[in-house]
Amino acid sequence: MIGRTHHCGQLSEEQVNERVQLKGWVQRRRDLGQVIFVDLRDRSGVVQLVFNSDISQEALETAEKVRNEYVLDVEGVVLKRDPSTVNDKIATGTIEVHVERLTILNKAKSLPFQIEANTDASEDIRLKYRYLDLRRPDMQETMKLRHQTTKLIRDFLDGQEFFEIETPMLTKSTPEGARDYLVPSRVHHGEFYALPQSPQIFKQLLMVSGFERYYQIVRCFRDEDLRADRQPEFTQIDIETSFMDKEDLLTMTENMMAKIMKEVKGLDVALPFPRMTYDDAMNRYGSDKPDTRFEMELIELSDIVKDSDFKVFSSAIKSGGIVKGLNLKGGAGSLSRKEIDGLAEFVKPYGAKGLAWLKVEEGELKGPIAKFFAGETGAELQQAMGAEDGDLLFFAADKKEVVFDSLGALRLKLGKDFNLIDESKFNFLWVVDFPLVEYDEEAKRFVALHHPFTSPKQEDLTKLETDPASVRADAYDLVLNGYELGGGSQRIYQRPVQEKMFAALGFTEEAAQKEFGFLLEAFEYGTPPHGGIALGLDRLVMLLAGRLNLRDTIAFPKTASASCLLTEAPGEVSLEQLLDLNLSIIGHKPDKVNV
């Protein structure tokens, strides 16, 4: 088959009077009787084709059979359009191709939805016909942006003398993390591989191996509950270094992100990125990934209201809880009582039992609980919250975790609902000094906040055995516009420290040896100090492209129930396949078994 001379979107007035050969899909066809216009599309863009009997009767007759999404091969001459027909909406709008030969390479059935940037098709239909959805120009642009971003990352890290090294997809299932996707072994009956949640252990072993600078753009798998910014399989920009100072690693990461922002978005970002401690982020924003594009911070009120007659507040404080507030500036006249009640329902899934509120009118507090805050306490409350006439004040009183979660979520909702967020901004932020561990009430033990290989801060190391809850991690998360782009840490690289960490997490010596003995042994062969970071490529592309969820940044994503509507995965397997694996499904005895 003869190739093409140009791509559709690359034609311009420079090619006027040139003979060209194009291939692509029919975006639109307009039949005016003696002349037919066809918009031909390929991944570069669209160009208008013209068919009439003066050019070629045969091509005109063939064009009469053409329909949307037919695949065409055409030859013709590029000519300038009549000034009255110039189309400023497309890059090729000043020219058209007068077609002398037309070959229909393939036909298309009636489409389930139109191949256009704006579609009213449901997401389920789009995912079922993903190969059509990916033809839409906005999806093509997103995939192109993803490619550009990936290439920039590779070029940048190559310039920093990093090696791209692959790590295994079939590995060992280990505790401390989300649920693994398990792969049964046919050779080793009753035993399973796990798909990697991250290459964490292997990249540390590569540091033991002496490679010093490693990266990988790697697929990872986690069997966890999904949401708009999560997928069961996702892509991670994985980086690990030996002998690199933490500050140098953070600076290098900032420079990489600045390069991406400049090349992809044309934006200059201020360096270095701001830093905020975990405690500061939680106290001010109710989140360890705060969106700093708008203000409205949480305000500490416990000392002011601890002796209040309003028992919801005073009782919470006496029980070891806290009281915090939010000030929606000018919000008093914007929300009805019904809408405020709706916000009280909104915070309940975050553990809040309710949402107290007050309005400020003519310098006085008004609302259901105003009688409890007359006089000096009310004045102190207004002063602390910077309250002015027309403001709407919200309050939460409970355990600090509940207050943080509920008011943090409410802050984001109000920011979006009242258009307080500057969507043109890209606000990067490092969050540092995380707790090393947190107590799991269900498991009745400490669990790692990040992972069990994170190093404690050196000044807290002596407390690891006696007071693990007070130990800070030498860890850092990179946040962009309220999303965690990724995180990293300095790693434990000495066996005694790693053993203490496992003990703090409730591992017996035997359990630690069984699960991680190979790593502990590696630490006895000259392991260098090392650290790294992992950034979510899907999430980064989502933010760069201005998409609303990760599915729009992945060519073939899964649904919220972790299924593929295109291939209908997960699907059935035969009884023979199960027998090969020495497996049976409890309660099922058909020829095909749904797994």
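Each residue's number is its place along the chain shown, starting with 1.
Every residue, even glycine, has its Cβ placed from backbone N, Cα and C.
Residue density at R222 (L-aspartate binding site): 20 other Cβ atoms are found within 10 A of its Cβ, drawing on all protein chains shown. What Swiss-Prot lists as L-aspartate binding site is E176, R222, H450, R491, and the listing cites sequence analysis.
For the region 'Aspartate' (200-203), the residues of the chain that approach it from at least six positions outside its boundaries are 167-168, 171, 174, 214, 216, 238, 240, 451, 453, 516, 519, 532, judged by C-beta separation under 8 angstroms. Taken from Swiss-Prot, the feature region 'Aspartate' applies to 200-203.
What Swiss-Prot lists as ATP binding site is R222, D223, E224, Q231, E484, G536, L537, D538, R539. For E484 (ATP binding site), the number of other Cβ atoms no farther than 10 Å from its own Cβ, over all displayed protein chains, is 17.
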Across all protein chains in the structure, which of the binding-site residues H450, R539 has the highest Cβ count within 10 Å?
R539
For the region 'Aspartate' (200-203), the number of residues DSSP places in helix, strand and coil
4 helix, 0 strand, 0 coil
Determine the minimum-neighbour residue: among E224, R491, L537, listed as binding-site residues, which Cβ has the fewest other Cβ atoms within 10 angstroms?
E224
